[in-house]
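Student: Can you read through this structure? Questions will come right after.
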Amino acid sequence: MSGALDVLQMKEEDVLKFLAAGTHLGGTNLDFQMEQYIYKRKSDGIYIINLKRTWEKLLLAARAIVAIENPADVSVISSRNTGQRAVLKFAAATGATPIAGRFTPGTFTNQIQAAFREPRLLVVTDPRADHQPLTEASYVNLPTIALCNTDSPLRYVDIAIPCNNKGAHSVGLMWWMLAREVLRMRGTISREHPWEVMPDLYFYRDPEEIEKEEQAAAEKAVTKEEFQGEWTAPAPEFTATQPEVADWSEGVQVPSVPIQQFPTEDWSAQPATEDWSAAPTAQATEWEKTEAQTRDLLWVTQLESI
């Protein structure tokens, strides 16, 4: 497709974006019509998509979109959550008509309903999830473009762009690449300068993760404000009248307390030792009598119990 023109060749930065988003990683199943886009199979059973074929089909799809005179006649559809934001961003950048969310059956065939449309080109995110618009496009001879994985059915698909259409980053990057190529071919932006729109704007984000990040950022901001308030707060002003301080240089009469003198003992003198061989005192004799009476009472009690 782009073999002769160096301008249309895939750049190194584009390859790095594809690898970072996992665009080259397919599934473990392979459709027979997708075999031509497979480069190799990994040991764990995952098929690797040939990014050269992906880039060639991306340029072909961009040429088909640019060929439509009225950009609003191009319908871009994504029923899955991972591609809805990317579809809306693509439509805002290129002027296409987005259908994000559920596709109403009969939009392309039933002329009675209010949502009836007659586009000239259809671009879908997943042929398996968006099978209803593809089927209706076949009824009205509508050419179709689809982002196809290794196991995607290619029935009613005219231009298949092989890529990973399951990952949120891969889907967002593919829509970003397609929008950039369309704008470049129209002459809206230059190929010499990078596009100021970042691919992150096309990525799907879970609302719960966004709420958690906002809550964490709010808590961090509150903590930072409290911390700054403690250090930047002005020192409190003391407006109360200060008590008069007496002149400490004046002589103060301190009452004199007489020092009590205690008699000192001679610690070197030996204390008088008691005579341990002396006869016991009368109190000790009474204790011995009491013990003897108690012992006799115990013997009497034991004999009575026998």
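Cβ coordinates come from backbone N, Cα and C, glycine included.
So TrEMBL has the following annotated:
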- 202-287: domain 'Small ribosomal subunit protein uS2 C-terminal' (DOMAIN)
- Ser2: N-acetylserine (MOD_RES)
- 54-113: region 'Interaction with PPP1R16B' (REGION)
- 161-180: region 'Laminin-binding' (REGION)
- 205-229: region 'Laminin-binding' (REGION)
- 242-295: region 'Laminin-binding' (REGION)
- 260-290: region 'Disordered' (REGION)
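Structural setting of the listed features?
Tutor: Across the region 'Interaction with PPP1R16B' (54-113), DSSP helix (H, G, I), strand (E, B) and coil residues number 30 helix, 9 strand, 21 coil.
Note on the region 'Laminin-binding' (161-180): mean pLDDT across this stretch is 91.
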Student: Please give the sequence-distant neighbours of the region 'Laminin-binding' (161-180): residues at least 6 beyond its ends with Cβ less than 8 Å from one of its Cβ atoms.
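Tutor: That would be 14, 17-18, 20-27, 34, 37, 49-50, 53-54, 57-58, 61-62, 65, 82-83, 85-87, 89-90, 93-94, 123, 125-126, 145-150, 152, 189, 195, 197, 199-205.
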Student: Sort the residues of the region 'Laminin-binding' (161-180) into helix, strand and coil with DSSP and give the three counts.
Tutor: 13 helix, 2 strand, 5 coil
